[in-house]
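In what follows, a structure is listed as structure tokens, so that the remarks can point back to it.
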């Protein structure tokens, strides 16, 4: 009897230990058709198969090699590498000059222009520092870093604008950031990559593009229903149902974005790194970092703080610039501000495309659009809810229709062949020009 109890508990604990084995294999063990040695061998094959570990092993080896080559620069050397090595940084003094003009004169137009020029080199350096940091983190996390540090500016501007009751500025700026990323940033990255590789169709992971397109379409769906509810006048409680629906959808979108991050970083790591590792094999000479990991983090913090400061001043100058330049506020919010706010993604995506790393370019441009639409927009709705501001997902009919058509066009291009050619490069840029022209002649009746 004791021997039977021992065998029963022994088999029980073995089943817990090997719970990852399929149920039919556990049944064969209990029936004596497979012994323990064979089962352990099958378990090792299941968990250590080449398909699941090849990409992670390649990336780990590449990361170890880069970390071993990490430079140790002094403060002066780091300053020379990051600040003095780029001719575009000659525009850096325009930032302090813009602040000086802001306090000494009332010319909002000049202040706005100087701020735009001053932010441009800072945003490019953000892309550079993020690329350096991605050398120590890997391709997937590197793409998320590019998107995150680029969108910090939009989040700061949005929260400040919400505090000031400028809900429409928040909506238009975030909308413009999405449009700029999926059309202008991606189109320019493809175009610059084509200039470096003129006779080559650059390849990207089509499976990744399909998932990204699905996320963008889900974001559009979340924005469509509050707009349709408003314009069909079918609310159960007029004035409150639209806001309640927006807050509910925002919570769902935040959960979906968290699941997307988990899927991208944990569940399917090889799914997203296979193509990037192939690109790294052909361009290892370009992968040696110029600054250390902590230098990159410090420079990222400095640049982000300075860009955010200038961006905050830009918000206050929007109305004055609209009057001075005689252009609609919607054009400034949807076109001009996002171009500067997305300069980090713009520079990063172009740099990656010029190194034939189109998956990283897509990770920056499309990843940033997903982060804005699935995180920044619903996050602002929730923050506005906490502040008592009636921020909703109703972007109005013209703006929502523009976003819907744009996402459909981009999703169609990304799912065609998994390649970039001159036709796609040209079409994306021309589509953005159409959008820009539309907002130049569009007067927003809800501004204010």
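The backbone N, Cα and C atoms fix where each Cβ goes, and this holds for glycine too.
Marked as topological domain 'Cytoplasmic' by Swiss-Prot: 31-81 (among others).
Sequence-remote contacts of a segment are chain residues at least 6 beyond its ends whose Cβ falls under 8 Å from one of its Cβ atoms, and for the transmembrane segment (82-102) they are 110-111, 114-115, 117-122, 124-125, 128-129, 291, 295, 299, 306, 310, 313, 317. As annotated by Swiss-Prot, transmembrane segment applies to 82-102 (among others).
Nonlocal intrachain contacts for the topological domain 'Extracellular' (103-109), taken as residues 6+ away from its ends with a CB within less than 8 angstroms of a stretch CB, comprise 317, 319-321, 323-325. As annotated by Swiss-Prot, topological domain 'Extracellular' applies to 103-109 (among others), with the evidence given as sequence analysis.
Panel annotation: around the transmembrane segment (110-130), residues 82-83, 86, 88-98, 101-102, 142, 145-146, 149-150, 291, 296, 299-300, 303-304, 306-307, 310-311, 313-314, 317-318, 320-321, 336, 340-348, 351 of the same chain, lying at least six beyond its termini, place a Cβ under 8 Å from a Cβ of the stretch. According to Swiss-Prot, the feature transmembrane segment maps to 110-130 (among others).
Annotated topological domain 'Cytoplasmic' per Swiss-Prot: 131-141 (among others), in sequence order.
Per Swiss-Prot, the feature transmembrane segment maps to 142-162 (among others); the stated evidence is sequence analysis.
If you look up Swiss-Prot, you'll see 150-185 (among others) marked as region 'Cation selection'. Long-range Cβ contacts of the region 'Cation selection' (150-185) within its own chain (Cβ-Cβ under 8 Å, at least 6 residues beyond either end) map to 123, 126-127, 216, 304, 307-308, 311-312, 314-315, 318, 329-330, 333-335, 337-339, 341-342, 344-346, 348-349, 364-366, 368-369, 371-373, 376-377, 379-380, 383-384, 387, 389-391, 395, 399, 402-403, 406-407, 410, 428-429, 431-432, 435, 444, 446-448.
Annotated topological domain 'Extracellular' per Swiss-Prot: 163-178 (among others), in sequence order. Mean predicted confidence for the topological domain 'Extracellular' (163-178): the pLDDT average there is 89.
Per Swiss-Prot, the feature transmembrane segment maps to 179-199 (among others); the stated evidence is sequence analysis.
Positions annotated as topological domain 'Cytoplasmic' by Swiss-Prot: 200-209 (among others). With a threshold of 8 Å between CB atoms, the same-chain residues lying at least 6 positions outside the topological domain 'Cytoplasmic' (200-209) that come near it are 190, 193-194, 271-272, 274-275, 353, 356, 358-359, 361-363, 366, 414-415, 417-421.
Under the heading transmembrane segment, Swiss-Prot lists 210-230 (among others), citing sequence analysis as support.
Here Swiss-Prot flags 231-243 (among others) as topological domain 'Extracellular'. Under 8 Å from some Cβ of the topological domain 'Extracellular' (231-243) lie the Cβ atoms of residues 390, 392, 394, 397, all in the same chain and six or more residues away from its ends.
The transmembrane segment annotation in Swiss-Prot covers 244-264 (among others).
The topological domain 'Cytoplasmic' feature in Swiss-Prot is assigned to 265-295 (among others); the stated evidence is sequence analysis.
For the transmembrane segment (296-316), the residues of the chain that approach it from at least six positions outside its boundaries are 78, 82, 95, 98-99, 102, 111-112, 115-116, 118-119, 122-123, 125-126, 129-130, 132-133, 136, 149, 152-153, 156-157, 160-161, 166, 169, 289, 337, 340-341, 344, judged by C-beta separation under 8 angstroms. Here Swiss-Prot flags 296-316 (among others) as transmembrane segment, drawing on sequence analysis.
Beyond its flanks by at least six residues, the topological domain 'Extracellular' (317-334) meets 102, 106-109, 111-112, 115, 168-169, 172-173, 175-176, 179, 399, 436, 439-444, 447 of its own chain at Cβ-Cβ distances under 8 Å. Annotated topological domain 'Extracellular' per Swiss-Prot: 317-334 (among others), in sequence order.
Between the transmembrane segment (210-230) and the transmembrane segment (394-414), three or more CB pairs separated by 6 or more residues in sequence fall under 8 Å, so the two stretches touch. Residue counts for the topological domain 'Extracellular' (163-178) under DSSP (helix as H, G, I; strand as E, B; rest coil) come to 13 helix, 0 strand, 3 coil. Panel annotation: around the topological domain 'Extracellular' (385-393), residues 162-163, 165, 167, 170-171, 222-223, 226-227, 242-243, 245-247, 249-250, 377-378 of the same chain, lying at least six beyond its termini, place a Cβ under 8 Å from a Cβ of the stretch.
With a threshold of 8 Å between CB atoms, the same-chain residues lying at least 6 positions outside the topological domain 'Cytoplasmic' (415-425) that come near it are 187, 190-191, 193-194, 201-206, 209-210, 213, 358.
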